[in-house]
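Asker: One structure follows; several queries about it will come next.
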Amino acid sequence: MAGMLGRPGSWGGLVLRVGQTFFAAACIGVMGSSLGFASYTAFCYLIASMGLQMLWSFALACLDGYAITTNKDLTSPILVSLFVVGDWVTAILSFAAASSSAGVVILFQKDVFFCRRYTQLPCGKYELATAFAFLSWALSATSALIMFWLLAAF
């Protein structure tokens, strides 16, 4: 499993972590700049979940960068089991937050027509932040599957 793409301490793992961090930060930035997002629990949960995702992914990106520069191996069973738990927790939280936010966005746009009635609502920003959250989740789920696969290989 030493040649597996996306494993900890590799360039593939670093790219996955940087992508997760970038999309989580973009989600927080877009949602945070939207007026009135704090009035909706799903959007507050999205901010909290993406904050956790961003911190976790940034920490592991730093760890990957350190491992690459010093040629350290991060595939010990203890480290991989820690990565598995962290990745699965953040992936599940990110998916739940992105899905609940998508539900609110669809409700606003298609069901109750809040976006047409209340033009001051930044529905486009809500939608963009939700899309960034799903992109961050997709990369996080990929990392979680890779880590699980590595753990199963031990």
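Heads up, the Cβ atoms here are built off N, Cα and C, so glycines get one too.
Okay, these came from TrEMBL:
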{"type": "DOMAIN", "residues": "7-139", "note": "domain 'Casparian strip membrane protein'"}
{"type": "TRANSMEM", "residues": "20-38", "note": "transmembrane segment"}
{"type": "TRANSMEM", "residues": "45-68", "note": "transmembrane segment"}
{"type": "TRANSMEM", "residues": "88-108", "note": "transmembrane segment"}
{"type": "TRANSMEM", "residues": "128-152", "note": "transmembrane segment"}
Asker: Same chain, outside the transmembrane segment (128-152) by at least 6, Cβ under 8 Å from its Cβ: which residues?
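Answerer: Hits for the transmembrane segment (128-152): 1, 4-8, 13, 16-17, 19-20, 23-24, 26-28, 30-31, 34, 43, 46, 49-50, 53, 57, 75, 77, 80-81, 83-84, 87-88, 90-91, 94-95, 97-98, 101-102, 105.
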Asker: Any residues 6+ beyond the ends of the transmembrane segment (88-108) with a Cβ under 8 Å from its own?
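Answerer: For the transmembrane segment (88-108), the list is 24, 40, 42-43, 45-46, 48-50, 52-53, 56-57, 114-115, 121, 123, 126-127, 129-130, 133-134, 136-137, 140-141, 143-144, 148.
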Asker: When DSSP states are grouped into helix, strand and coil, how many residues of the domain 'Casparian strip membrane protein' (7-139) land in each?
Answerer: 111 helix, 0 strand, 22 coil
